[in-house]
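Student: Got a structure here, written out as structure tokens. Questions coming.
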Amino acid sequence: MVSTHSSQYITDFTPVPAEPGKSPLALLAKTCETIGLPEGSSKKNGASSSSSPQGKKDEKNHILHHQHHQQQQQSKQKSSPRSTPQSKEPTLTFPGLPKPSFPMGMPGMMQGFPFFNPMMTAYGCFPGAFPMSQGFMGAQRLPCPFAMMRQPCANPACVQCPSSSSNAAKNGQMTAEMMSQFAAHPLFSMYAGMMPGVPTSSYQALLAASAAASTSAGPTDYSNVASTSKASPQPKPTAQKSQKSAKFPCNWVDSDVPCGKVFDEENELASHVKKMHAPSPSSSASSEQSTSTGKASRSSTTTPHRFNPYGKPVAPAPPTMQQMGMNMAMNPLVLPFSLQAMYSNRLMSTVAHQ
């Protein structure tokens, strides 16, 4: 039996007419063109653009015009100062106040350069303290450190404070006259050698100048009386009587008790101080020689350089006066009136042990 049936394949193929605006490529192109446009324009121009190619051209022209307009607005905003955004960061200073200087708002740092603290200039310009202090010393004369700290001056030989000598005399302290009398004393000359950058001659000259400056207004000015009596060619009897009545008391304090002896001449006072209150150099030298020879004779039998494991540890030798002077010279804060404090401490320590 022969069966006649149709083929499994479609033989009468008729192509369906496809619209150009509904193809996938056309839809993709439409969505790419509408990106970045306002919502209203895409809805309005959607039908017209999809219907004809002229609508697509108009849509492209509209997009270009819109982009050009946005670029013009951005350029205007950059050029105009009113449209610049303001910073919202908090400011630490008010617009009417000056800006703080570096570091930490210290306004007086550059005034006292190279000293960051204005109080350091009083100590930095001391002779020999800093190599840069010579130029500052010649520029101006610095005030007294105690006056800058608003404290009573404790230096009896202070040239900047003329009332210090009278206050020291009232309080029972050492006055400038006593310091001028002891300027030639060996102990004072020894302490003067410890001062940083100040030789003995300049220290004695400083004492003499301070004594003359402080005692010029005082009632007991014996040096001026002697100088005027020597300078006058025809001295009057009143001047001779005043010269004879002038006496030189010894103000040396021993065990909290002043000497109290009175001399008519200054040479007698100086000799008395050297003989009674100053250690004789010959006796001290002889005692040092005897002790050194005794130590040498004792140590000759032993070997001090040999290490003994069972012996006691040897204590280090006490610092000599030269080493102490070098250490004090390295300290820039040592001032002339510290001599009185050091000497008074030594006297008080000896009194306590007695």
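Placement of Cβ uses the backbone N, Cα and C atoms for every residue, glycine included.
Sharing the features that Swiss-Prot gives for it:
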type: COMPBIAS; residues: 1-11; note: compositional bias 'Polar residues'
type: COMPBIAS; residues: 43-54; note: compositional bias 'Low complexity'
type: COMPBIAS; residues: 70-80; note: compositional bias 'Low complexity'
type: COMPBIAS; residues: 81-90; note: compositional bias 'Polar residues'
type: COMPBIAS; residues: 221-245; note: compositional bias 'Polar residues'
type: COMPBIAS; residues: 278-293; note: compositional bias 'Low complexity'
type: COMPBIAS; residues: 294-305; note: compositional bias 'Polar residues'
type: REGION; residues: 1-23; note: region 'Disordered'
type: REGION; residues: 36-100; note: region 'Disordered'
type: REGION; residues: 218-247; note: region 'Disordered'
type: REGION; residues: 271-323; note: region 'Disordered'
type: ZN_FING; residues: 248-277; note: zinc finger
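Relative to the rest of the structure, where do these features sit?
Tutor: Across the zinc finger (248-277), the prediction's mean pLDDT works out to 83.
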Student: What is the number of residues in the zinc finger (248-277) that are helix, strand and coil, as DSSP sees it?
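Tutor: Across the zinc finger (248-277), DSSP assigns the residues as follows: 12 helix, 8 strand, 10 coil.
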